[in-house]
Amino acid sequence: MNNKTVITHFLLLGLPIPPEHQQLFFALFLIMYLTTFLGNLLIVVLVQLDSHLHTPMYLFLSNLSFSDLCFSSVTMLKLLQNIQSQVPSISYAGCLTQIFFFLLFGYLGNFLLVAMAYDRYVAICFPLHYTNIMSHKLCTCLLLVFWIMTSSHAMMHTLLAARLSFCENNVLLNFFCDLFVLLKLACSDTYVNELMIHIMGVIIIVIPFVLIVISYAKIISSILKVPSTQSIHKVFSTCGSHLSVVSLFYGTIIGLYLCPSGDNFSLKGSAMAMMYTVVTPMLNPFIYSLRNRDMKQALIRVTCSKKISLPW
């Protein structure tokens, strides 16, 4: 029988960075984090300040940007601290806290992608009824439901993880406290934890993904009924950004969790985890903004209005 012990901290050894390269990686990750933070913050601020962006699509986009901002902060701030201090560790309480917020904002972004897909479906397939269907009340209710579901989901998994017992091994082969890695260290029975992960995984990941696929299948079906260059261009212009983000989000998750290698959280696993915790949130503002005329015009309006309001 394994000897159980009280674990006060975990070592995060998912990114074995040589000491001579510590500062280089610190600068790289800091730039990536600041790009993520400022890019997503800009979208949130623009949607709040510009009345032209007070639409369902940009309401969901601003919430997605806020979610991405927080999602990246959950892992990156601790990673930067560990690289700078050269002590890659996290306390037991800090680990559970990180798991809670990681799940909360990760799955919140997942549901927001579903809402945005539904918004595009209604806009393209039912343009005359769009305002009535995508009412402010419906959007607010959806956001409230998303927050409640993801908070409950994150709290359930965190509480289940808190009841686990651990042996002497406190090494987590990742750069943050990942629930899957934590379960591998547990000495106590993890059947309930794994069962709930699979059950909730279907509800939180699989069902939303299916809903997104159905939404776009209906959009494509609607366009094919009246094929024209203008309608096809409209679909790509309104859905291209969203499809890119969906592909990034689900592509990395499928590659990491559904198609694992022999050692799921080896260096390869940590690199893939870096993709969806850091790279995807960093790219989202560029994907949604660079070719988005509304966002560019909003930035110009907000910037010009601030200049005009200055006393000099």
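The chain as shown is numbered from 1 upward.
Glycine residues also receive a Cβ, built from the backbone N, Cα and C atoms like all the rest.
Per Swiss-Prot, topological domain 'Extracellular' is recorded for 1-23 (among others), and the stated evidence type is sequence analysis.
According to Swiss-Prot, the N-linked glycosylation site annotation covers Asn3.
Taken from Swiss-Prot, the feature transmembrane segment covers 24-48 (among others).
Taking the topological domain 'Cytoplasmic' (49-55) as a whole, pLDDT averages 89 in the prediction. Residues or ranges marked as topological domain 'Cytoplasmic' in Swiss-Prot: 49-55 (among others).
Proximity of distant same-chain residues to the transmembrane segment (56-77), defined by a Cβ-Cβ separation under 8 Å and at least 6 residues beyond the stretch ends, is recorded for 29, 32-33, 36-37, 39-41, 43-44, 47-48, 98, 101-102, 105-106, 108-109, 112-113, 115-116, 119-120, 123, 134, 139, 143, 175-176, 277-278, 280-282, 284-285, 288, 294. Annotation comment: Swiss-Prot describes 56-77 (among others) as transmembrane segment, evidence class sequence analysis.
Sequence-distant contacts of the topological domain 'Extracellular' (78-98), counting only residues of its own chain at least 6 positions beyond either end whose CB sits under 8 Å from a CB of the stretch, comprise 7-13, 15, 17, 19, 22, 25-26, 29-30, 33, 158, 161-162, 175-177, 182. Look at Swiss-Prot and you will find 78-98 (among others) tagged as topological domain 'Extracellular', backed by sequence analysis.
Cys187 (disulfide bond) carries neither a helix nor a strand DSSP state and counts as coil. Under the heading disulfide bond, Swiss-Prot lists Cys95-Cys187, citing sequence analysis as support.
According to Swiss-Prot, the feature transmembrane segment maps to 99-118 (among others), an assignment based on sequence analysis.
Note on the topological domain 'Cytoplasmic' (119-137): DSSP counts are 16 helix, 0 strand, 3 coil. As annotated by Swiss-Prot, topological domain 'Cytoplasmic' applies to 119-137 (among others).
A Cβ distance under 8 Å defines the sequence-distant neighbours of the transmembrane segment (138-156), meaning residues of its chain 6+ beyond its ends; these are 56, 59-60, 63, 99-105, 107-108, 111-112, 115, 196, 200, 204. Feature annotation from Swiss-Prot assigns transmembrane segment to 138-156 (among others).
Annotated topological domain 'Extracellular' per Swiss-Prot: 157-194 (among others), in sequence order, evidence recorded as sequence analysis.
Non-local neighbours of the transmembrane segment (195-217) in the same chain are 107, 110-111, 113-114, 117-118, 120-121, 149-150, 153, 156-157, 160, 179-180, 239, 243, 246, 250, 253; each lies 6+ residues outside the stretch with a CB under 8 Å from one of its CB atoms. The feature transmembrane segment is assigned by Swiss-Prot to 195-217 (among others), with sequence analysis given as support.
Annotation source Swiss-Prot lists topological domain 'Cytoplasmic' at 218-234 (among others).
Feature annotation from Swiss-Prot assigns transmembrane segment to 235-258 (among others); the stated evidence is sequence analysis.
For 259-270 (among others), the entry in Swiss-Prot reads topological domain 'Extracellular', with the evidence type sequence analysis.
The feature transmembrane segment is assigned by Swiss-Prot to 271-290 (among others), with sequence analysis given as support.
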The one of Cys95, Cys187 whose CB sees the fewest other CB atoms within 10 Å, among these disulfide-bonded residues: Cys187
For the topological domain 'Extracellular' (157-194), the number of residues DSSP places in helix, strand and coil: 17 helix, 4 strand, 17 coil
Sequence-remote partners of the transmembrane segment (99-118) [C-beta within less than 8 Å, at least six residues beyond its ends]: 57, 60-61, 63-64, 67-68, 70-71, 74-75, 139, 142-143, 146-147, 149-151, 153-155, 157-158, 161, 176-179, 182, 204-205, 208, 211-212, 215-216, 242, 245-246, 249, 277
Close approaches to the transmembrane segment (24-48) from elsewhere in its chain (Cβ under 8 angstroms; 6 or more beyond its ends): 15, 17, 54, 58-59, 61-62, 65-66, 68-69, 72-73, 76-77, 79-80, 83-84, 278-279, 281-282, 284-286, 288-289, 295, 298-299, 302
Cβ contacts under 8 Å made by the topological domain 'Cytoplasmic' (49-55) with residues that lie 6+ beyond its boundaries: 294-295, 297-298, 301-302
